[in-house]
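Feature annotations, reproduced from Swiss-Prot:
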- Asp146: active site, proton donor/acceptor (ACT_SITE)
- Asn8, Glu380: Mg(2+) binding site (BINDING)
- Lys15, His206, Leu207, Gly208, Asn209, Gly210, Asp281, Phe282, Arg283, Gly329, Val330, Gly331, Glu332, Asn333: ATP binding site (BINDING)
- Arg89: substrate binding site (BINDING)
- His178: site 'Transition state stabilizer' (SITE)
- Arg239: site 'Transition state stabilizer' (SITE)
Amino acid sequence: MHKIMAINAGSSSLKFQIFTMPGEEVLVKGLIERIGLPDAIFNMSFQNEKIKETRAINDHGKAVEILLEQLKAHQVINDLSEITGVGHRVAHGGEDFVTSCVVTDEVVKGIEAVTNLAPLHNPANIIGIKTFRELLPNAVSVAVFDTAFHQTIPQENFLYALPYELYEKHHIRKYGFHGTSHKYVAGKAAEVLEKPLEKLKIISCHLGNGASVCAIEAGKSVNTSMGFTPNAGLMMGTRSGTIDATIIPYLVDELGYSLDEVMHMMSNESGVLGVSGISSDFRDIEIAAKEGNSRALLTLRMFTGQICNYIGAYASAMNGCDALLFTAGVGENSPLIRQMVTEQLSYLGVTCHVTKNNAGDMIISNDNEAVKVCIIPTNEELMIARDVEKYAKQTIG
């Protein structure tokens with residue numbers, strides 16, 4: 001038995017879990033928020049105990065130091081050497097990283113080389129990697145790429161209809177994201193349905209503040225809604241999703257926005273927040289919709305309609321669908337969103353049992369339907385830990 005830590009470093013946050021492997025038991029989990037501010041928040045829960053502290057945490061390096069100190073202070077671990085591996089979620093691996101890998105100096109350079117493809121995500125991921133390598137030098141560090149699962153997407157599905165040399169010389173193409181989540185829920189669905197993953201055609205809907213749809217055939221990603229960046233595809237909490245590209249120069253040339261202002265608008269002021277004018281949180285939107293707010297209702301119709309467009313396209317491309325999956329914060333917790341999606345898909349043989357849906361059952365389609373509709377809670381941290389364990393075993397025997 002050994003202890004594996006899964007890390008998800010954001011620009012001002014650090015999410016963590018420690019698993020005992022191979023039993024996959026969660027030993028501790030937590031979140032450090034508002035890093036860089038004097039009132040940063042440290043959250044940690046283990047056994048029946050929860051800790052929440054507000055304190056100054058200047059940077060990610062200090063956050064990691066405090067985390068390791070707290071783990072020892074509360075006897076979650078007695079010595080840092082007990083942590084045999086650390087897995088890091090990395091948003092973008094470009095075309096070079098097609099699978100998880102042990103972190104070396106060369107790997108760090110490779111991740112840094114594609115930072116321009118994920119400027120909001122990769123820099124924080126790199127800070128997390130460097131800090132843990134410094135403070136836990138004997139632990140195996142593994143990078144787990146959100147883009148890796150989508151490297152099986154065929155060229156006709158990942159290329160943009162731009163001059164081909166832009167792909168050859170500059171690697172401009174669809175990469176896709178949420179790969180770790182889509183991979184996990186597909187495998188879990190196969191277990192739930194008691195069918196071989198290799199025999200299933202699955203459409204996975206990862207619906208949270210970020211959202212994407214993925215077509216999975218025989219356990220491999222064959223298409224996904226996100227693209228060159230995580231801003232493409234569905235409208236999201238604050239992201240516009242895919243729009244007509246010529247809107248951007250129109251905003252700049254005709255309406256006087258700077259390019260930076262447009263990009264900030266598309267990433268931080270659009271999507272659910274932009275359309276509703278209320279919030280980026282679907283819980284707030286659903287409350288407003290029930291109260292009759294027309295823009296909240298419009299937001300729900302737009303979001304679910306876009307999801308259905310992708311589902312229909314992917315079911316057609318795969319010549320069928322055996323399972324439709326809902327996962328992540330909205331997908332797992334919003335009966336209304338699931339209902340609005342499924343009621344538009346009757347032509348595919350999709351059904352939604354009202355009682356099962358409202359109860360959050362794992363299978364919410366009517367009995368004996370060909371297309372199984374499932375709620376599968378995602379567990380990206382466990383997927384990261386599993387990847388780390390493979391490499392840790394090779395190192396520690």
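Placement of Cβ uses the backbone N, Cα and C atoms for every residue, glycine included.
Recorded features from Swiss-Prot, shown on the structure.
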| residue | record | DSSP (3 states) |
| --- | --- | --- |
| Asn8 | Mg(2+) binding site | strand |
| Lys15 | ATP binding site | strand |
| Arg89 | substrate binding site | strand |
| Asp146 | active site, proton donor/acceptor | coil |
| Leu207 | ATP binding site | strand |
| Asp281 | ATP binding site | coil |
| Val330 | ATP binding site | helix |
| Glu380 | Mg(2+) binding site | helix |
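Shown are the recorded positions Lys15, Arg89, His178, Arg239; the one with the most C-beta atoms within 10 angstroms of its own C-beta is His178.
Neighbour count (other Cβ atoms within 10 Å of the Cβ, all protein chains): 23 for Asn8 (Mg(2+) binding site). Between the alpha carbons (Cα) of Glu380 (Mg(2+) binding site) and His178 (site 'Transition state stabilizer') lies a span of roughly 9 Å. Checking the recorded positions (Asn8, Asp146, His178, Arg239) against Lys15 (ATP binding site) with a 10 Å Cα-Cα cut-off leaves Asn8.
Considering only the recorded positions Arg239, Asp281, Glu332, no residue lies within 10 A of Arg89 (substrate binding site) on a C-alpha to C-alpha basis. When other Cβ atoms within 10 Å of the Cβ of Arg283 (ATP binding site) are tallied across all protein chains shown, the result is 12. The separation of Asp146 (active site, proton donor/acceptor) from Val330 (ATP binding site), Cα to Cα, is 20 Å. With respect to their backbone Cα atoms, His178 (site 'Transition state stabilizer') and Asn209 (ATP binding site) stand 12 Å from each other. Using a 10 Å radius centred on the Cβ of Val330 (ATP binding site) and all shown protein chains, the other Cβ atoms total 26.
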